[in-house]
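Asks: Before I ask anything, let me first share the structure, which is written out below as structure tokens.
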Amino acid sequence: MSQEILDQVRRRRTFAIISHPDAGKTTLTEKLLLFSGAIQSAGTVKGKKTGKFATSDWMDIEKQRGISVASSVMQFDYKDHTVNLLDTPGHQDFSEDTYRVLTAVDSALMVIDAAKGVEAQTIKLLNVCRLRNTPIVTFMNKYDREVRDSLELLDEVENILQIRCAPVTWPIGMGKNFKGVYHILNDEIYLFEAGGERLPHEFDIIKGIDNPELEQRFPLEIQQLRDEIELVQAASNEFNLDEFLAGELTPVFFGSAINNFGIQEILNSLIEWAPAPKPRDATVRMVEPDEPKFSGFIFKIQANMDPKHRDRIAFLRVCSGKFERGMKMKHLRINREIAASSVVTFMSHDRELVEEAYAGDIIGIPNHGNIQIGDSFSEGEQLTFTGIPFFAPELFRSVRIKNPLKIKQLQKGLQQLGEEGAVQVFKPMSGADLILGAVGVLQFEVVTSRLANEYGVEAVFDNASIWSARWVSCDDKKKLAEFEKANAGNLAIDAGGNLAYLAPNRVNLGLTQERWPDIVFHETREHSVKL
């Protein structure tokens with residue numbers, strides 16, 4: 001291993017921000033970029049009338065709705081580290097793309113709206129993090145408003161999300177009486193002042209919880225703070241780095257993203273505590289990040305990131321070695337060598353050509369239709385990385401088009417959107433209409449909008465009487481053939497060529513599973529692995 005690769009890997013931090021919709025995730029993303037010096041002023045999704053859109057929300061439909069639909073990737077330097085920040089779709093309808101992004105990160109920052117507490121989407125996302133024991137940092141947001149009791153919020157995280165909390169900062173008041181936070185580990189009080197343009201050096205700090213200056217600053221709140229801190233230190237967990245890295249304990253910070261307050265502490269904790277890139281599982285062996293040879297996997301494909309270019313970009317997480325522009329790398333699924341000359345790195349939709357990249361970095365490869373989610377790349381070794389799942393869709397629609405002459409454009413559009421993971425596409429074994437599967441209604445709206453804007457196709461979606469899908473497999477080819485013959489009306493082939501059973505209701509699925517005990521019904525399937 002070269003010292004250069006080892007040093008670069010140690011400098012890397014790759015994390016995603018996860019939250020329930022409207023918890024303030026996109027605002028926090030902007031502020032992290034602002035504090036790191038990566039951008040000069042933060043746009044916010046709420047300021048729709050000003051035309052100032054958030055850096056990380058770039059697709060038309062996102063600009064119209066003010067939600068993050070596609071996951072963006074942003075790289076910036078902070079305190080001699082290179083940070084790769086993946087902003088995930090917060091809207092509940094985009095959970096599948098979010099799940100996949102979580103396969104490409106080494107840690108996650110969970111944002112909770114302190115007025116609402118733990119919400120449904122947060123629970124789902126944390127369960128995906130738990131599959132890989134991803135370390136989690138927690139930010140309780142919106143303390144400039146009236147919020148719930150802080151101890152109650154910690155209890156809720158521990159009980160519902162089943163992860164122990166270690167408060168690192170503690171709020172002093174809330175809403176109009178929000179005075180700041182006490183940093184438990186540093187024994188410092190950071191004083192809050194409202195205003196979205198303040199930078200970290202502009203917040204006052206008072207050293208020591210027993211400092212007499214505090215009585216003068218806020219005589220009413222200081223005794224309550226001291227009582228609460230005594231209670232917190234007796235009742236909650238101390239921060240422990242090993243337990244954090246094992247995904248068992250989360251450090252908790254309090255603040256107000258819109259007012260830039262509490263951001264600095266989060267950034268510092270991610271640099272200091274979050275792990276550098278970790279080894280990754282491949283089918284043949286474990287791949288270490290500081291190995292000399294380059295390897296990586298595709299976790300997302302995004303069509304038409306730039307309306308001027310009409311292109312598709314495959315997002316690759318580097319797992320080992322060093323990527324250099326122009327190097328030859330092997331696309332293992334199709335056994336083809338490609339010269340990587342026009343690979344890009346991201347600041348949301350702003351792109352720059354990559355000269356080099358190391359484990360933990362996310363790079364974009366122009367894709368003309370050959371690359372699929374889950375594909376692995378290396379300098380030649382047959383490595384297929386594992387752990388990139390498709391999830392069984394929960395909503396289904398059949399597709400028709402208003403102009404039958406545009407059937408080819410429809411098929412091309414759905415093929416591309418299916419590969420990208422925007423929607424799952426099933427071709428029934430009997431019947432002509434294609435079936436689309438998604439995890440939320442808004443996904444269908446996005447597909448309608450993108451078919452119209454990018455492929456010139458007006459599509460109509462009708463409800464399909466399908467309750468759920470399961471991918472099916474069987475080691476006994478004869479039994480599988482019997483199953484196919486008996487259930488042809490409920491079977492379809494997905495975009496990856498896999499056989500799926502489309503169940504009209506829960507009872508039907510249960511009975512079918514009982515009737516065919518040798519057939520395996522899968523709720524997830526691995527990308528790039530045929531069942």
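Positions of Cβ are set from backbone N, Cα and C atoms, glycine also.
So Swiss-Prot lists these for the protein:
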DOMAIN    10-278  domain 'tr-type G'
BINDING   19-26, 87-91, 141-144  GTP binding site
Asks: SER19, THR88: which of these binding-site residues has the sparsest Cβ neighbourhood within 10 Å?
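Replies: SER19, out of the binding-site residues SER19, THR88, has the fewest neighbouring Cβ atoms within 10 Å.
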Asks: Taking each of the binding-site residues ASP22, LYS25, TYR143 in turn and counting other Cβ atoms within 10 Å of its Cβ, which one has the fewest?
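Replies: If we count Cβ atoms within 10 Å for the binding-site residues ASP22, LYS25, TYR143, the smallest count is at ASP22.
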Asks: Could you tell me which three-state DSSP class LYS25 (GTP binding site) falls into?
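Replies: DSSP call for LYS25 (GTP binding site): helix.
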Asks: What kind of secondary structure is SER19 (GTP binding site) part of, going by DSSP in three states?
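Replies: Looking at the DSSP assignment, SER19 (GTP binding site) belongs to a strand.
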Asks: With H, G and I counted as helix, E and B as strand and the rest as coil, say where DSSP puts TYR143 (GTP binding site).
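Replies: SS state of TYR143 (GTP binding site) = coil.
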